[in-house]
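A.B. asks: For reference, the structure I am asking about is given below.
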Amino acid sequence: MKKELMLRCANNFVLQNSVCLLGFLRLVKSHLTGRVGIIKARSFKGKRTNCTSTCVHLNNMEVTYLSQSLAQTIDNELMSDDVGYTTEQLMELAGLSIAQIICREYSFDKFKKILIFCGPGNNGGDGLVAARHLKQFGYDITVAYPKENTKVLFQRLLNLLHHYHVPVVKSATGEDIKMYDLVVDALFGFSFRGEPRSPFDEIIHMINQSNKPVVSVDVPSGINIDGDTAGTALSVNSEMNISLMLPKEGVRHYRKKHYLGGRFIPNSIVEKYNLKIPQFTGDNSYVQL
């Protein structure tokens with residue numbers, strides 16, 4: 001009898017403590033779930049789009065702003081035999097992140113028709129890639145390509161757009177722009193110097209006169225990349241900028257919506273140049289600055 005009583009007491013002790021432990025674990029789980037819920041709510045605060053990806057807005061983050069010469073040095077090193085990227089790979093990574101950011105910020109139902117102005121250099125190539133991805137996302141895309149690049153890489157990008165039924169036109173007028181909900185400026189990137197020349201000066205003026213929302217790729221076309229002056233007399237007045245690799249000195253004081261896209265700088269380059277890169281979250285290819 002005494003042995004049976006002792007066994008019963010032991011079982012009750014285990015049961016009571018198990019219940020307490022279970023209650024404690026439930027409390028912890030509830031607390032953590034609540035915290036996660038808050039984080040998710042903050043991540044999705046603002047506009048909802050047809051995209052499923054999220055972005056965390058980080059405040060007071062450390063980020064390196066690149067001079068024109070350092071940006072060129074890093075770009076060359078990324079495509080060196082030592083690192084091993086190709087131009088095509090970098091364009092695909094950049095173009096996809098551009099498309100994802102646009103998809104996040106400009107909902108499909110309000111900004112379905114997009115006109116993308118592409119320049120003759122790699123910035124324009126990023127725009128051509130973004131056009132293809134945006135088409136796949138369901139947007140109605142037109143590319144304006146006033147000065148076509150005849151290199152094989154760019155011809156392949158144009159051929160892909162043809163197979164995705166994306167119209168590519170040589171020019172667009174102010175009246176043409178009125179038909180679109182959003183304009184993307186992929187004319188000039190970080191290698192641009194001097195003042196925009198014809199036909200790009202007219203295009204920039206036309207974009208600014210359109211009163212349409214404008215997104216710039218890497219930098220607003222026409223600005224001084226090093227930011228040591230107010231910029232050129234004529235530059236794109238965009239409402240959002242998508243920096244690539246790292247932001248450039250010319251957009252250090254950019255006070256409108258600003259993203260960093262691409263996520264392709266390897267650790268060795270970060271360490272070599274002591275770069276400060278904002279923390280990307282999860283599988284996101286971009287972060288809001």
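For all residues, glycine too, the Cβ spot is worked out from N, Cα and C.
According to Swiss-Prot, the feature domain 'YjeF N-terminal' maps to 71-277. Per Swiss-Prot, the feature (6S)-NADPHX binding site maps to ASN122, ASN123, GLY124, GLY125, ASP126, GLY189, PHE190, SER191, PHE192, ARG193, GLY194, GLU195, ASP218; the stated evidence is sequence analysis. Residues annotated as K(+) binding site in Swiss-Prot: ASN123, ASP185, SER221.
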A.B. asks: When neighbour density is defined as the number of other C-beta atoms within 10 angstroms of a residue's C-beta, which of the binding-site residues GLY124, GLY194 has the lowest density?
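C.D. replies: Each of the binding-site residues GLY124, GLY194 was scored; lowest Cβ tally within 10 Å is GLY194.
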A.B. asks: Take the C-alpha atoms of GLY194 ((6S)-NADPHX binding site) and ASN123 (K(+) binding site) and report the distance between them in angstrom, rounded.
C.D. replies: 16
A.B. asks: For the recorded K(+) site formed by ASN123, ASP185, SER221, which further same-chain residues have Cβ atoms within 8 Å of the site's Cβ center?
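C.D. replies: Near the K(+) site, beyond ASN123, ASP185, SER221, sit PHE117, GLY119, GLY124, GLY127, ALA186, LEU187, PHE188, GLY189, SER216, VAL217, ASP218, VAL219, PRO220, VAL236.
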A.B. asks: To which of the binding-site residues PHE190, PHE192 does the lowest count of other Cβ atoms within 10 Å belong?
C.D. replies: PHE192
A.B. asks: Quick one: pull the CA-CA distance for ASN123 (K(+) binding site) versus ASP218 ((6S)-NADPHX binding site), whole Å only.
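C.D. replies: Just about 8 Å between their Cα atoms.
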A.B. asks: Have a look around ASP185 (K(+) binding site) and count the other CB atoms within 10 A of its CB, chains all included.
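C.D. replies: Other Cβ atoms found within 10 Å: 29.
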A.B. asks: Among all protein chains shown, how many Cβ atoms are found within 10 Å of the Cβ of ASN123 (K(+) binding site), not counting that one?
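C.D. replies: That number is 25.
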